[in-house]
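Participant: Starting off with a structure, shown below.
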């Protein structure tokens, strides 16, 4: 599989500035993934960067993406990626949020070295936390996010308003679905012979697919359906996140049950 077909949609989505996905507003627009001056749809042939932090239950990862937009009509191509990670995840610092933010800062130093200085202010940096933080109390989770936000604000990069947040489980499933179907070429043209995804994380599992039959849509609870438009096609997906059914959470639950016997 060519390197240019790597999961760029994850990077784009995590770099969102104003994109909000909710059950009351189920439209997603590709143009909202970047501010106008770096949006792939509006850009001329140029190179731009995006910094995405994936704060999972088992570790924190940074992805520094380099994109090339050859024409306004074409999809952006991923020219390169720098990846680094640290363990444990942010949730392990629930009682020490400053130390948790320090792990993010160490990773962010990699981006400072990788992105050309004249593009720092145009390069969005975003952190999305997943089920590890969703399992924490609201107070502890927000304390961690606040410390990370301060690290971002002190950096030279573009910091969107919603740059640090906990990602909804259904949104997580949608991103996995977009990535897999982009990689397999199902999102180019009008072809909708897509594949479903089962995203097994550390603390949750997401199931997402494009229903083939209208009856399936009618029988599915409204909260499990999400519609959005992308690449001149409209998709209406089934997506649901099962919190506590990730690999790590299931293992801990199994060991706990065995200890009770």
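Numbering starts at 1 and runs along the chain as displayed.
In case you wondered, yes, glycine gets a Cβ from its N, Cα and C as well.
All annotation found in TrEMBL is predicted automatically rather than curated by experts.
Got these off TrEMBL a minute ago, pasting:
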- 1-22: signal peptide (SIGNAL)
- 172: active site, proton acceptor (ACT_SITE)
- 202, 203, 204, 205, 206: ATP binding site (BINDING)
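Tell me about the setting of these features in this model.
Facilitator: Contacts of residue 172 (active site, proton acceptor) defined by a Cβ separation under 8 A and a same-chain sequence distance of 6+ are given as 130, 199, 201, 204, 206, 241, in order along the sequence.
Following the DSSP three-state reduction, the secondary structure of residue 206 (ATP binding site) is strand.
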Participant: Setting 202, 203, 204, 205, 206 aside, what same-chain residues sit with their Cβ within 8 Å of the center of the Cβ atoms that define the ATP site, listed in sequence order?
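Facilitator: Result: 57, 130, 131, 169, 172, 199, 200, 201, 241, 242, 243, 244, 245, 246, 247, 249.
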Participant: Over all shown protein chains, what is the count of other CB atoms within 10 A of the CB belonging to residue 204 (ATP binding site)?
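Facilitator: I get 25 for this one.
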Participant: Tell me which of the binding-site residues 205, 206 sits in the most Cβ-dense spot, judged by other Cβ atoms within 10 Å.
Facilitator: 206
